[in-house]
């Protein structure tokens, strides 16, 4: 058993606990690490080690998060747990800790609460497609019918937000009893781990996705043509392949005639690498920072979208005053700022620093985007908000 945990060949999956405050997210996180360490090897983490989560800064936003790791026989998991509700919202919107799937903790003694609903909705908006439910504190509920009612309520809530309510795995357990080593409740943690392994599909690695490179700089090299540089966000680009230049202007096609890294010519550039791509027959002035090079047909330019946004508080260096409809900040996508206007939800007149809000944005230039793309909201180069594209309108 001891050999297994050093094998890094297992698929790596990112998960996290979500749910209403005091429903037992952190206790469950501790229980998972403890029970899985006991059965499959790895390190257990005590409740208080997880609970005093260190502060992190993601894009200037202060978020408290705890990261733990654990193994099942087939996978390695990185798991994020946040102590406060605001931390969750910030985390989900900024994508500070990516989640391929989530464990929604619902106390059987309370049933779904307002934050339960908000976390499910956020999951839907930002594209956490796989959520497993852990019905916690079941040791404190004697009435089987009550458990069934709570379970039904949770399933209905999921269906309401376009999740597969009937097929969502729900585990009835007690994180505290499992943490205390009670065998029947430890079993429930193993059941949960089994759902993690089977319900959340293996995430597609960045390298297996269609090629995309956000353009950071454009150079003209005499006798050779135009070179664009940037970090490959996903996929692989090979010399001789056709690409599209997408965003800001009308989409055009060209061929990559060379890929270089550190002044050496390569056959290909891969996700995560900083490369220069030499483009055939493309003039320096036809391309600009903020556009992307992409596999033809894989991404399209858009101006109007719905988004979930977190507005930085004054303490985080954000605005000191609210903003109103008609607000025109810059929206920073990948490598560049684009001006846009906002529409607030019906009945919302103003947005205060520290709020999270759904807003519809119209940009003055189209940007290559798909659902889940993160952006910053800026005023004169200063970040005042963070957001994620929830739905493309046009």
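Each residue, glycine too, has its Cβ placed from N, Cα and C.
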Practice task
Scan 77-80, 81-84, 85-88, 89-92 against Swiss-Prot and say which stretch is down as region 'G3'.
Solution key: 81-84
Practice task
Would you mind telling me which of 55-59, 60-64, 65-69, 70-74 Swiss-Prot tags as region 'G2'?
Solution key: 60-64
Exercise for the section: Look up region 'G4' in Swiss-Prot and report which of 128-131, 132-135, 136-139, 140-143 it refers to. Expected result: 136-139
Fill in the blank from the handout: Swiss-Prot feature region 'G1', matched against 3-10, 11-18, 19-26, maps to 19-26
Completion exercise
Beyond a gap of at least 6 residues from its ends, the CB atoms lying under 8 Å from the region 'G1' (19-26) belong to 47, 50-51, 66, 81, 83-85, 104-107, 110, 112-116, 119, 136-137, 175-176
Problem - residue 19 (GTP binding site) - helix vs strand vs coil (DSSP) - result: strand
Problem - Proximal residue to residue 26 (Mg(2+) binding site) among binding-site residues 19, 82, 85 (C-alpha distance) - result: 82
